[in-house]
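Here the structure comes first, spelled out in structure tokens, and everything after it is commentary.
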Amino acid sequence: MSVMKKYLSSTTNTGKPSAQQARKRLWAVRGGPGNHEFLVRCLGFMIPLAIWWAASLSGLIPETFLPDPPKVLKRLLLWISDEGFGQDFWISFVRVSSGFLLAAVLALPIGVLAGTFRRVQIFIEPLMDFIRYMPAVAFVPLVLLWCGVGEASKIALIFIGTFFQMVLMMAGNVRQVPMAQIEAAQTMGATRRELLFKVILPSAAPALLDTIRVTLGWAWTYLVVAELVAANEGLGYAILRAQRFLLTDKIFAGILVIGLIGLIQDQLLRAIYRKRFPYAQSN
């Protein structure tokens with residue numbers, strides 16, 4: 001009876017949880033924000049924006065080093081309307097997409113085989129571990145020597161920056177498939193091919209898609225490095241050119257554009273994940 005009284009006293013007359021219960025639910029470990037989800041998402045952007053705006057208006061930092069958000073927005077609109085933004089965006093998008101797709105197409109089968117077969121893992125992973133610690137920018141001289149100054153060199157650098165980590169992450173995704181599933185399929189007489197294509201790949205597919213989503217973000221981070229290599233157009237090139245002329249507002253605009261493109265792609269892949277693998281959602 002005392003428990004029931006305590007519960008009734010903590011709710012309103014309409015049966016809704018009290019403010020105290022709502023706060024507990026909001027801060028529950030791994031709990032969702034409930035009705036406040038949109039607000040929490042907005043605050044994640046608005047608080048850093050407010051700090052940036054306040055710092056730029058304080059006068060403590062010269063405008064050359066930290067322009068205010070309205071000036072950056074004005075520069076971005078000018079760039080979009082008059083300064084070849086469309087061409088810069090398209091060429092960068094093609095470079096990132098080409099390098100990343102090439103890396104994904106090659107990394108997927110290698111990673112799956114390394115995660116499935118121990119001998120492939122022993123053969124592949126030491127080399128992948130060795131190369132993945134090398135910064136992609138260190139390969140610039142070799143890439144120029146091997147690929148020249150054309151588009152191939154930019155694509156190659158994005159490939160180098162994502163391929164080796166992707167192989168290791170995908171191998172790890174496959175190794176997370178429960179051994180009980182594999183043993184059950186073997187007990188039912190599944191062949192090695194059936195194990196791979198009907199048990200292991202379907203079970204690992206959600207994690208593999210998540211790895212693709214994460215590494216796509218890495219591909220965009222290597223864009224500026226790739227466009228250091230004899231580029232004369234692209235978002236990364238525009239940022240580097242703005243740096244030479246101390247156009248800090250355009251530097252900020254370019255960084256924000258790259259971040260926005262990455263965010264849109266990330267959300268699209270998350271939507272595909274939710275649609276294709278609803279059973280894999282933890283919440």
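Glycine is no exception: its Cβ is also placed from the backbone N, Cα and C atoms.
Annotation comment: TrEMBL describes 38-61 (among others) as transmembrane segment.
For 89-269, the entry in TrEMBL reads domain 'ABC transmembrane type-1'.
Per TrEMBL, the feature transmembrane segment maps to 99-118 (among others).
The transmembrane segment annotation in TrEMBL covers 130-149 (among others).
Through the fold, the transmembrane segment (155-174) approaches residues 95-96, 98-100, 102-104, 106-108, 110-112, 114-116, 121, 124-125, 128-129, 131-132, 136, 139-140, 143, 146-147, 200, 204, 207-208, 210-212, 214-215, 218-219, 221-223, 225-226, 229 of its own chain, all at least 6 residues removed from its boundaries and within a Cβ separation under 8 Å. The transmembrane segment feature in TrEMBL is assigned to 155-174 (among others).
Beyond its flanks by at least six residues, the transmembrane segment (195-212) meets 104, 108, 112, 115-116, 166, 169-170, 173-174, 176-178, 181-182, 185-186, 269, 272-273, 276-277, 280 of its own chain at Cβ-Cβ distances under 8 Å. Here TrEMBL flags 195-212 (among others) as transmembrane segment.
Under the heading transmembrane segment, TrEMBL lists 252-273 (among others).
Under 8 Å from some Cβ of the transmembrane segment (38-61) lie the Cβ atoms of residues 67-69, all in the same chain and six or more residues away from its ends.
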